[in-house]
Amino acid sequence: MTRTIVVGLGRSGLGAARLLKQQNHDVVVFERGNNEALQHTSKTLAEEGIQVVLGQPLTLQSFDAWRDNLDAVVIGPGIPWDHPTLVQLRSEGVQVRGEMDTAWDALQQIPWIGITGTNGKTTVTHLLSHVLEAAGLTAPMGGNIGLSAAELACQIGSGAKPRPDWLVMELSSYQIEAAPAVAPKIGIWTTLTPDHLERHGSLEAYRAIKRGLLERSECALFNADDPDLRQQRSSWNRGTWVSSEGAHPDNQPADLWIDDEGMVRNNTTRLFAADVLAMPGRHNRQNLLLVTAAALEAGLSPQQIADALRTFPGVPHRLEQLGTLAGASVFNDSKATNYDAAEVGLRAVQGPVVVLAGGQTKQGDASGWLKQLQSKACSLILFGAGADELASLAKAAGYPGELLQCPELESAVNLAEGAVQRHQASSLLLSPACASFDQYRDFEARGEHFRTLINPLLDEA
């Protein structure tokens, strides 16, 4: 029997190990950590016939005792594809695969909708799964959100979940890079701005990874309102382009757009009013169009799509409205982990705004975000590891409003209560513009903490 080594006991690693075991592989898991929680997980996996080696770093020496019958090494998205150990293993003929690749092997007979982009992909994934399910189809979402692709494959393979009509998969650049075989029935590209450059090295490399997914997709859908995608349009000889800016954005024809009267339409007919989706912001009109194009491709009628859009509850941590504080609308936008996403969130809410931002800063162009701050923010409250860096950026840009700093989110919320009242703000917005890893497991944990902190302060309904 050949052996597969899975690296890492995160959600993707766990899913991959169980999926491979379900397929009768001899599976060993390497995990560099060793704590009580990992020991508990290790014991559970051992009972399932999966061996775990804790305290095992990703080095060539770690593999020495396991080379006999080694068929493949499977990694999760948190491990760089070009890690020196993986590069060396590949040069020695060892197959290195991403967790997403193992799931594709198991699930490729089911049509995939693969959704990628710097920003917008989570909202599109949630919204599209909702629309398809509301029309009576089985269309679970997973990948970069919710269940990992391998976990979904396990549940479908075991019969715990019914065989889906569609799989709605959010795909990050890390996942795409390590799964070059994934070829969706429908591919969606939401936006492209500089992100994860510390991992991919350049915008060109980052773009090429995402482009590969769309090139392999049977049907490719693009957001024509995105400046980078629009600039690359002439390099595509196929695809459906959507625009919230009318029929001819930048003098290029759109295939699906919102007209001057607020109607979603294509080249032959008006479909429905764009205001069926209650979520604020121009970016959500773009999301609506991408979802509509995909749903039409999947065989839904305009009426089915419109009915489903009316009932969409929104996405947790993405401009999620939590209530009001001293009359100001409170938004949890913890998913805004870079400057571009934070700029989009700030554009979407009513000013004057009290903004909470901070965390682990990323490379990127902050100019658009800073411009929105100058225009709409009455108070900027910075917290976490990146507070000093963000404060320097704001001062250098000439931000004219109140600027406060504190060590963590709890202090920021306390300051925000006073700032809302002091400035008679219309909105209070957590939109960090940073990753969460300085103080939180992920952006969801940060958003949940914000919800816990702000709930006691909210006005009574």
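All residue numbers here begin at 1 and follow the chain in the order shown.
Glycine is treated like the rest: Cβ placed from N, Cα and C.
Swiss-Prot has this to say about the protein:
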| type | residues | note |
| --- | --- | --- |
| BINDING | GLY117, THR118, ASN119, GLY120, LYS121, THR122, THR123 | ATP binding site |
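Annotated features, which come from Swiss-Prot, shown on the structure.
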residue: GLY117; record: ATP binding site; Cβ neighbours (10 Å): 25
residue: THR118; record: ATP binding site; Cβ neighbours (10 Å): 24
residue: ASN119; record: ATP binding site; Cβ neighbours (10 Å): 25
residue: GLY120; record: ATP binding site; Cβ neighbours (10 Å): 25
residue: LYS121; record: ATP binding site; Cβ neighbours (10 Å): 25
residue: THR122; record: ATP binding site; Cβ neighbours (10 Å): 24
residue: THR123; record: ATP binding site; Cβ neighbours (10 Å): 27
Remaining residues near the recorded ATP site, that is with C-beta within 8 Å of the centroid of the site residues GLY117, THR118, ASN119, GLY120, LYS121, THR122, THR123: ILE115, VAL124, THR190, THR191, ALA341
Local backbone state of LYS121 (ATP binding site), from DSSP in three classes: helix
